[in-house]
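In TrEMBL this protein carries:
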| type | residues | note |
| --- | --- | --- |
| DOMAIN | 12-322 | domain 'FAD dependent oxidoreductase' |
| DOMAIN | 325-378 | domain 'FAD dependent oxidoreductase central' |
| DOMAIN | 387-658 | domain 'GCVT N-terminal' |
| DOMAIN | 678-756 | domain 'Aminomethyltransferase C-terminal' |
Amino acid sequence: AGLTTYFHPGINLKKIHSYSIKLYEKLEEETGQAVGFHQPGSIRIASTPTRVDEFKYQMTRVGWHPTEQYLITPEKVQELFPLLNMDMVLAGLYNPGDGHIDPYSLTMALAAGARKYGAQLNYPVQVTNLKSRTDGTWEVETPLGIIQAKRVVNTAGFWAREVGKMIGLQHPLIPVHHQYVVTSTIPEVKALKTELPVIRDLEGSFYLRQERDGLLFGPYESEEKMKLQDSWVTNGVPPGFGKELFESDLDRIMEHIEAAMEMVPVLKNADIVNTIAGPITYSPDILPMVGPHQGVRNYWVAIGFGYGIIHAGGIGKYLSDWILEGEPPFDLIELDPNRYGKWTTTEYTAAKARESYGFNNIVGYPKEERFAGRPTERTSGLYDLLKSKCSMGFHAGWEQPHWFYKPGDETGYKPSFRRTNWFDPVGREYKQVMEKVGVIDLSPFGKFKVKGTDSVKLLDHLFANVVPKVGSTNISHMLTPRGKVYAELTVSQLYPGEFMLVTGSGSELHDLRWIEEEVVRGGYKVDIKNMTDEMGVLGVAGPYARQILQKLTSEDLSDGSFKFLQSRHLKLSDIAVTAIRISYTGELGWELYHRKEDSVALYSAIMEAGQKEGIDNFGTYALNALRLEKGFRAWGAEMNCDTNPLEAGLEYFVKLNKPADFTGKQALKQIKEKGLKRRLVYLTLETDNVDPEGNESVWHNGKVIGNTTSGSFSYSAQQSLAFAYVPTELSKVGQKLEVELLGKNYPATIIQEPLVLTEPTRMRLQRKGENPKI
């Protein structure tokens with residue numbers, strides 16, 4: 001159907017959409033090929049109050065982007081699309097410049113443009129095999145001979161899976177059947193002076209646009225009714241399949257046809273002249289996979305495009321820039337092909353594709369969870385023990401407790417744009433950690449062992465921080481050549497030359513790929529082992545953490561003997577653990593790394609030992625509230641490939657004066673010399689029943705001047721708290737700003753961070769004879 005839209009709920013994917021549209025606008029002029037680009041705008045229709053909330057939620061996410069997007073009244077909707085039944089319309093989300101393009105003409109224009117600048121296109125040519133050579137280059141075998149290539153980019157659409165199989169990769173892709181219907185001439189459409197905007201009726205789950213003097217509409221049917229072409233997954237795409245289509249099946253989409261007739265009554269008298277049914281390749285989460293692949297050198301992908309046309313131009317540019325510059329032009333971690341792994345089985349992919357297709361027009365809530373295909377085979381040792389006691393969240397294949405139930409709680413997943421059923425329980429867990437002691441399952445962390453003669457040299461080059469001494473741990477950042485924050489890891493030197501690296505669950509293969517590439521590039525003699533799946537992690541935190549763990553070991557855990565940021569091997573209740581004195585809660589605590597099969601025994605021993613102290617569980621929502629109060633940054637929010645560590649307030653972890661010329665060092669020196677244009681600040685907000693999440697617009701004097709990066713309710717200050725990027729001149733403590741939440745601007749004030757001092761800082765001040773307030 002060739003739809004093009006500026007809209008995307010994701011933040012940086014808006015940039016991809018925007019680039020595509022801007023490219024298509026000038027393509028005919030540049031290549032001489034007509035592309036049939038229509039830009040009548042598009043309107044998403046809200047017909048429930050929740051949908052209106054969603055539109056307001058999306059508006060604050062677009063305020064700090066150049067994309068034009070407006071929340072419009074029913075009157076304005078009717079003016080733009082006079083053929084709508086207005087009974088159901090509460091509001092519209094309007095993007096001028098949206099529309100549709102002819103996919104065939106666009107393809108030919110891009111090909112003509114590529115040839116114009118010297119590209120060689122050969123087709124039809126089948127790739128019969130791919131061979132990687134020891135120097136990292138490739139031999140691409142075809143019936144016409146072998147092509148030698150520096151790198152291979154798999155952009156093979158629904159053949160992408162077969163190309164992956166040639167080198168032993170199982171790309172999680174599956175074709176789904178999508179249908180759209182074209183009508184004959186409709187007199188009311190023919191009578192219009194201007195082309196109708198594209199309509200997306202979200203409750204009816206269909207899109208509709210003008211096609212000549214008729215209408216074209218395409219529904220997304222529910223996961224029960226939709227159809228997968230799973231035979232292609234097992235037997236491959238039929239040889240010779242190209243421009244063919246599938247058999248249409250109007251029965252499958254009947255309820256959507258009826259919804260469309262209800263919304264656009266002129267359809268009732270229209271004749272259907274054509275029904276198109278064809279394959280669209282889906283990844284499990286409907287987002288494409290773009291970038292270099294972990295575990296294979298110089299193999300890149302751009303596959304799994306559920307919304308092909310709108311991504312084409314932007315992704316072409318994004319990938320070219322990345323290949324040329326050695327780093328992505330901006331952060332798109334959500335498209336990282338390495339977000340999937342061995343746990344993404346064919347069954348999982350099929351279940352998820354069904355769900356993703358059926359959920360195309362579902363309300364996009366904050367903290368969204370989707371339950372198809374879960375749990376995967378990747379569960380922590382505690383999953384069976386905890387699953388009935390808490391609300392689980394999905395993290396890179398793992399199930400991890402978000403919050404725990406107590407009698408009287410409203411249990412289960414109840415998403416909302418406002419405070420919901422987890423709000424009070426999370427406050428209870430927060431108090432548990434601050435006043436007593438809590439236990440959290442941190443098993444989803446990515447965990448690597450690095451050892452070998454060059455291990456110190458490698459890490460000194462990869463990380464901006466110094467390499468920790470034996471028995472010590474630090475927080476270290478890998479930077480890109482341009483000085484952006486590619487990753488944040490915890491680094492511990494366990495034995496001389498042997499390190500354990502720990503990263504967030506979503507960054508496991510993303511970080512491992514970067515490290516492995518550096519090893520090859522620099523010829524380092526090291527051995528890297530991914531321990532993520534075989535190692536469990538428990539976090540124990542709170543004032544009684546030491547007292548409880550001490551009951552289980554003969555090792556001295558006193559502050560003098562086991563200091564903050566030290567790591568050592570010990571036995572707890574006869575179970576071998578690597579203990580690191582660190583906690584993302586900022587309270588007294590340890591992370592306990594152990595064999596996954598020991599998780600239940602270790603957890604049970606700790607819970608048993610803590611009965612007197614009132615030990616209890618806590619989840620990741622409470623952890624987030626605790627870390628925000630301590631002013632701790634999070635990778636993927638406060639820092640990523642869009643931010644440098646200086647503006648993110650990470651100077652403490654960046655050692656520009658260390659002898660090693662670490663990646664990004666020269667760029668950072670220049671950034672420091674030029675001075676910063678913006679800074680990360682710490683805000684309190686006066687809100688009512690809504691809290692910041694991150695990515696909201698920050699206002700000053702009637703203008704959007706920045707964006708939040710993460711936020712939460714502070715259970716100690718009893719008000720909302722957020723991190724935000726603002727221009728340097730507005731970054732002083734005491735500065736008054738506003739943050740837009742659900743269509744309303746709330747007063748915000750920059751405060752001195754942190755709101756709550758960390759336990760090590762409180763102890764240090766106490767030793768000096770001061771009496772620090774928490």
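Using the three backbone atoms N, Cα and C, a Cβ is placed for every residue, glycine included.
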Going by DSSP, how much of the domain 'FAD dependent oxidoreductase central' (325-378) is helix, how much is strand and how much is coil, in residues?
20 helix, 0 strand, 34 coil
Between 0 and 100, where does the mean pLDDT of the domain 'Aminomethyltransferase C-terminal' (678-756) sit?
97
Summarise the domain 'Aminomethyltransferase C-terminal' (678-756) as counts of helix, strand and coil residues per DSSP.
3 helix, 46 strand, 30 coil
